[in-house]
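Enquirer: I have a structure here, written as C-alpha cells, and I will follow up with some questions on it.
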Amino acid sequence: MDTMGRHIIAELWDCNPEKLNDMEYVERLFVDAALQAGAEVREVAFHKFAPHGVSGVVIISESHLTIHSFPEHGYASVDVFTCGDRIDPAIAAHYIADGLDAKIRENVEIPRGMGPVEVPAATVQHVN
C-alpha cells in the first residue's frame, strides 16, 4: 500500500431536491453506501436544517462518509474517506450519487498519508 487511505470529494449537482431534504432517506442511503462498499459502520449522526438541508456523518471502522445537502440548489457536497486498501471509496461515492439522482457528478480522489506535503516557504504561516 502506497497510501494510508483514499479520500473522494464528490460534487453532486442536479440532484433530486426531495431526496436531499429527507434526512431519514439520506441517512439510510449513506449507511447502505458504506455497507455496499464493505465497510463496518460504527456511528451515525445526521441533522435536518430548517427550512431545508441535511448534514450528516457515518463513521466507519475504515474512516467516514459525510454530506452537506442544499436542496434549494439541487447540490450535495459528499466526502468518502477510507483507510487501508480493503475498501474502495468509489463504490460508496457512486452508490450515493445514484441514490440522489445526481445528473452532474464531479469526483476528485486524493491519496492520504503519503508523507509530509512540501509547501513553498513563502506560503507557510506560523500560528502562535
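The backbone N, Cα and C atoms fix where each Cβ goes, glycine too.
Sharing the features that Swiss-Prot gives for it:
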ACT_SITE  Ser63  active site, schiff-base intermediate with substrate
ACT_SITE  His68  active site, proton acceptor
ACT_SITE  Cys83  active site, proton donor
MOD_RES   Ser63  pyruvic acid (Ser)
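If you look at the structure here, what lies around each of the features I listed?
Expert: Within the same chain, residues at least six positions away from Ser63 (active site, schiff-base intermediate with substrate) with a Cβ under 8 Å of its Cβ are Gly5, Phe81, Thr82, Cys83.
Long-range Cβ proximity for His68 (active site, proton acceptor), meaning a same-chain Cβ under 8 A and a gap of 6 or more residues, is found for Gly53, Val54, Ser55, Ala76, Ser77.
All protein chains shown were included, and the count of other CB atoms within 10 Å of the CB of Cys83 (active site, proton donor) stands at 19.
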